[in-house]
Amino acid sequence: MFSEHQPVAAFERRVTLAITGASGVQYGLRLLQCLLELNTQVLLMVSKAAQVVIATETDLRLPGSPDAMEAFLSEHFNARDGQLKVYGREQWMAPVASGSGAPSAMVVCPCSTGTLSAIASGASNNLIERAADVALKERRQLLLVPREAPYSEIHLEHMLKLTRMGVVVVPASPGFYQRPQSVEDMVDFIVARLLSQLGFEQSLLPRWGEAML
Ligand SMILES: Cc1cc2nc3c(=O)[nH]c(=O)nc-3n(C[C@H](O)[C@H](O)[C@H](O)COP(=O)(O)O)c2cc1C
């Protein structure tokens, strides 16, 4: 039944990635690039607000429709045939909408406080929220990268609640001990953490205790 949604054997892993409308879309785009370079099939969702933030924070002009976005990003990141799948906000037949079709790991990067709230309450009002709800109900790996400053008690409560359910919250707060030389270095700090959480050997950042400068 799900044959068209099965991972193509050529790809070693499958990961769901949602980019939502918090500042720091560079984290999500860089993670997408790294996952594709790591021979991973990526099932991608980009919220409407994220499209606004991408246009604000980067030079990318993403097309609105999922098919056009898939073609655009596949070319932009040099993805292989079938490696990147983009799904729209009400594409309920997408593999990520069901435990039987969804990958074993999902990352929301960056994660807006709105999507954080929807995930914490199980709202499932769009495909991103539904995919996260599936990850929770199936007890699969779910990583959230929230960005807001300061956090309200509501944000902190949502993060605590989700952490207690096994979600890993990786705040978009890069360290400085590696003396970043560029914004890209700071972005890579967080992306390296995410790749490690997902179980990939990453070479973006030396491990603590290895030569850092
Ligand atoms: C340029 C820009 C930056 C934003 N930055 C943040 C942010 O850092 N954190 C956040 O939670 N929301 C931020 N927002 C607001 C969210 O985009 C908004 O709450 C939206 O409804 C989130 O929708 P989504 O979760 O479906 O992406 C920003 C919006 C814009 C346009």
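Glycine is no exception: its Cβ is also placed from the backbone N, Cα and C atoms.
What TrEMBL says about a protein is an automatic prediction, not a curated fact.
Going through Arg80, Arg139, Arg140, Arg147 against TrEMBL, the one listed in the FMN site together with Gly21, Ala22, Ser23, Ser47, Ser112, Thr113, Gly114, Thr115 turns out to be Arg147.
Here the Cβ of Gly21 (FMN binding site) has 21 other Cβ atoms within 10 Å, regardless of which shown protein chain they belong to. Annotated pair Ser112 (FMN binding site) and Arg193 (dimethylallyl phosphate binding site), C-alpha to C-alpha distance, rounded: 19 Å. When secondary structure is read from DSSP and collapsed to three states, Ser112 (FMN binding site) falls in the coil class. Put plainly, the binding-site residues Ser23, Ser112 were compared by Cβ crowding within 10 Å, and the winner is Ser112. With a cut-off of 6 Å between Cβ and the nearest atom of ligand 1, the binding-site residues Gly21, Ser112, Gly114, Tyr177, Arg193 reduce to Gly21, Ser112, Gly114.
Over all protein chains present, the Cβ of Arg193 (dimethylallyl phosphate binding site) has 20 other Cβ atoms lying within 10 Å.
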